[in-house]
Ligand SMILES: Nc1ncnc2c1ncn2[C@@H]1O[C@H](COP(=O)(O)OP(=O)(O)O)[C@@H](O)[C@H]1O
Ligand SMILES: [Mg+2]
């Protein structure tokens, strides 16, 4: 038997080991290729109101994706190299030079690589259509997704993976160069001997780690009051360093307290969970920190973009009271005729308004949060007879058109007085209700809230009002409401270059939904790519650990501990191993989102819990797969 | 009679390629005996120990331990039986590396409903007997090979099992640690009247026991009893038998 046939035989015998690696590769190719295909799909660009929105989003997304994929593949390769360590050492032992081994590695990898690339591109092509349909749904576009295979996209993918291939070969080369023969033969054994007792340092640093995270969380709740850059950095520093210390020391410290309390009287469940995690988590501290911090970031971004997406309807309602609004009365007349010509039933709305400065206990403006922009608070007042659905008594006032952004710097207190001031005249009313939907367009109210008062009150206010020419405050707003449903067709019909300017609610809504939908899709895609890769990494780690612990399982089985008893212990181990990084990631992202979500939308729970729920489910799946792998190892270790 | 094995056969492989490792072994062990199994490497010593201790199943034959035929039991029942009634020592990878000495030793008691104070008492007794009490809170990697094997001996004795099975417990030890371990086993055997079955290929180790059984080609070749002989005489008798058997005392 010559050398080549030995190598070939070895390759096929090892194919089981390679599956993991091939899976990682195929998976990465699928992710990248489907993403590139989507970004090149014309059908999306055509439908968009703003087409460069698409390319910017996808470029940012693909950069992140490349970083994730490169890290993931290199990590998988590293695990794989370590597992093949003994075999590589054996090659050296029978007299192969490192150069020759390196050549073998290149050859093997090239074969695996090309195969994975082809399979990945095939699967990526299948996945891309599904993804595109999801994207369209999020953007509320109603066209069916096509199937366009792009050779350029395939080439781009091929190029990226050629680059990664070069990186991996460099990694393999360094690995071979660094390890001496003797180390190679003993590398797998070294992990057994580093079980030492925990010193006092562990206790101190363990407590410190938890304290740092807690204080980071505490500071994050005050971010609105001290939103300076150094403040932000200290929060980041505290939580990230705290996370590292937690994995490195706190977990071991807490488990050790539990263990000490048992004073040696531990059962087989403890053996497989408690004592094993104590050591493993410590040595994986850096990896776990990375995973939970990036998980937190991606969960945070996904939550925030989902919050924005979720609140699009509401935020448009808070600024646009009518289907179409106009600056001038003539414009309104122009479009009214145009619509009538096209047999579209509609209604013109003219709303008179006056502006008063508002003060009083009911209105608390946070001047710091608004950066001192709002020194006085101008309130546009409308009479109840000019708007539908409001019922206001004498001496009362309703404030409406309060968006979530307004809420971040103005606080309204119900049943407190509001004093309206214009020159010498003042009038005090009681605030009885605060609503979200606008009654005046934003070019009239400047995005500020508006007030509704009783018609008698309005007349008095109007009488005493001293109209200020300099301010040129509009006295009326002009709008059109379409009878029945407005549609993009009507908007497109109205929007001719020669026609006067106007604002359309449906157009604003569509633009925002498309933009937010795109953003959400891309953060979602990148976020889940990260989640899946980090889940895979944790799974690969578990495979490695199960190999390390095989000896223990053997001893326990021989001593008569049943498979079931051992699986119970390993279940606890999986819950803790996957649960702690997940829990920390969830907490981090909760506090991050909580610190600033109100700038993005008006509803936090549904979007955030949806994202978190998806994360929890996917992590559970990885925990379950790992457990099944352990089950197999335990079964075989007798 | 604590263990009666009759016509034990064990073969590996499929119909095409079959190795008969054990070819009909009859063996009786009395309560309180210290018995050694010797034989050349590959003669089936470990296989015999594994089937007698229910780690492996026989191809045919019956093993009756305290009146119960264990060859009929289900896997789960066998596991329970091992856990409750047997003690084990192996050549290597005996102890769990993530557990301290004390935790390793107490493992077999974790399934018993014993009071903590009682467990502590039992632990102290056994650990002191085997000179491991002082290192009780160390990890296996922090103690010597001899201490490790004494720890596994303590684990084997702690729950007062019916029989203790030991597969080459001294195989990885230097002669001083080996003799100290064997002396401890001998003491515990006579003091607590426990039954020990030990596999070894070392004549010195075997000379600590009361009976030596030689395996050859899957059958019992001969049996030696110590009787009233001194340990030295017994050692010589073992050496003689071994040289007749063909395996010189230097195999490993
Ligand atoms: N699981 C197995 N599958 C196939 N053959 C085995 C297996 N275990 C042991 N053998 C064979 O049985 C014979 C006896 O092995 P063993 O009992 O370990 O010998 P000893 O412990 O006396 O050195 C050897 O030839 C060995 O190759
Ligand atoms: Mg053996």
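Numbering starts at 1 and runs along the chain as displayed.
Glycine is treated like the rest: Cβ placed from N, Cα and C.
Looking at A:20-38, A:39-57, the stretch flagged in TrEMBL as transmembrane segment turns out to be A:20-38.
Between the listed ranges A:262-284, A:285-307, TrEMBL ties the annotation transmembrane segment to A:285-307. In this model, the domain 'ABC3 transporter permease C-terminal' (A:61-171) carries an average pLDDT of 86. With a cut-off of 8 Å on Cβ pairs spaced 6 or more residues apart, the transmembrane segment (A:58-80) and the transmembrane segment (A:153-176) reach 3 or more such pairs and are scored as touching. Within the same chain, the transmembrane segment (A:612-630) stays apart from the transmembrane segment (A:20-38): fewer than three Cβ pairs sit under 8 Å, each pair at least 6 residues apart.
Of the two recorded stretches, the transmembrane segment (A:575-600) lies close to the transmembrane segment (A:231-255), with three or more CB pairs under 8 Å once pairs fewer than 6 apart in sequence are set aside. Nonlocal intrachain contacts for the transmembrane segment (A:20-38), taken as residues 6+ away from its ends with a CB within less than 8 angstroms of a stretch CB, comprise 44, 58, 61-62, 65-66, 69, 72-73, 76-77, 79-80, 112-113, 115-117, 119-121, 123-125, 127-128, 131-132, 135, 148-150, 153-154, 156-157, 160-161, 525, 529, 532-533, 536, 540, 543. For the transmembrane segment (A:516-540), the list of distant contacts is 20, 23-24, 27-28, 31, 35, 53-54, 57-58, 60-61, 64-65, 68-69, 71-72, 75-76, 79, 131, 134-135, 138-140, 287, 291, 294-295, 298-299, 301-302, 305-306, 308-309, 312, 577-578, 581, 614-615, 618-619, 621-622, 625-626, 629: same-chain residues at least six beyond its ends, Cβ to Cβ under 8 Å. Beyond the transmembrane segment (A:153-176), the same-chain residues lying 6 or more positions past its ends with a Cβ under 8 Å from any Cβ of the stretch are 28-29, 32-33, 36-37, 40, 66, 69-70, 73-74, 77-78, 81, 88, 98, 101-102, 105-106, 109-110, 113, 117, 120-121, 124. According to DSSP, the secondary structure content of the domain 'ABC3 transporter permease C-terminal' (A:61-171) in residues is 94 helix, 0 strand, 17 coil.
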